[in-house]
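According to Swiss-Prot:
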- 9, 168, 169, 210, 211, 212, 213, 214, 215, 216: ATP binding site (BINDING)
- 49, 136, 148: substrate binding site (BINDING)
- 276-354: domain 'PUA' (DOMAIN)
């Protein structure tokens, strides 16, 4: 098997005991499987939950707290205990664990986005295991990833991972709830995630986590948009992850062979950069952007909204108000209003670097309906 870069996400339900606390036996089982993958020559990045589970007991809570303040306090205590457990377990196999705590704002800045990529790449080159969790102690609702499922998809995307493995306590996706319908049939393979599947999955997670099957499907669809194949399922023992990569996993494989991966710059534009404004284009420009792979020129712009600057990211909508894409502009809003609808040669004097394009094709991302929201 060729060397692969794999992102493994372990949720709270796969790390906890019946009372909701951290289960060290479960944690060691995951570590042993990751260590075995690394011994086979693969790069592995671990996305882990479990900080709240590790911290609520030592903090004096009888059960997992339900308030935001309680969860954040438990996470503040539990994150160091969680990393201590991982570091100790990986050391038994000769591997060094590295902690990275992220918030949504770490992805907004392109410079921080690049620095994160460089840091993780350097850790992998030196044989370490990057262990990533959301910084639950400081994250506020507006800045969170929603759950670590989505965080794992975003990390898998910008690292150009070959596979995203979402480990859970259910062995894959079914056409009905297997806990209530004994006739439910499991999907061994799915080429894509549809709106109907997400709707049917509901939104309720386990008592010890914030996710659920719906969040995993949303994360899987995001990963697929980056060109990353996905596995959702379960397993135990040293070879469970190796078996998943070999196509023998107990779960559902999602995606197509050899998907086209999205460039890191375009990932940042599409999913992470703050959107500073909106440009409306005519039908000719829409067709050029979507069907002919062209750049957006001033002549095709009919309206400009927002107070954006050159090199900001803006949404592009058609004449019906439907978002068709997102891109980095060479014109400030005030200048673009002056030159909209005019030929490029007349407009370029107002452009950053005197470019003829409003948005160059290299700085453009077409957005499908399901990819518009962050």
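Every residue gets a Cβ built from N, Cα and C, even glycine.
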Pairwise CA distance, residue 169 (ATP binding site) versus residue 49 (substrate binding site), rounded so that it is a whole Å: 14
Among 136, 169, the most crowded of the binding-site residues [Cβ within 10 Å]: 136
For residue 9 (ATP binding site), nearby residues of its own chain (Cβ under 8 Å, 6 or more apart in sequence): 46, 47, 48, 148, 149, 151, 152, 164, 165, 166, 167
Residue 49 (substrate binding site) versus residue 215 (ATP binding site) - Cα distance in angstrom: 14
Max CA-CA distance, Å, over listed substrate-binding residues 49, 136, 148: 11
Separation of alpha carbons, residue 49 (substrate binding site) and residue 213 (ATP binding site) (Å): 16
Per DSSP, three-state class assigned to residue 169 (ATP binding site): coil
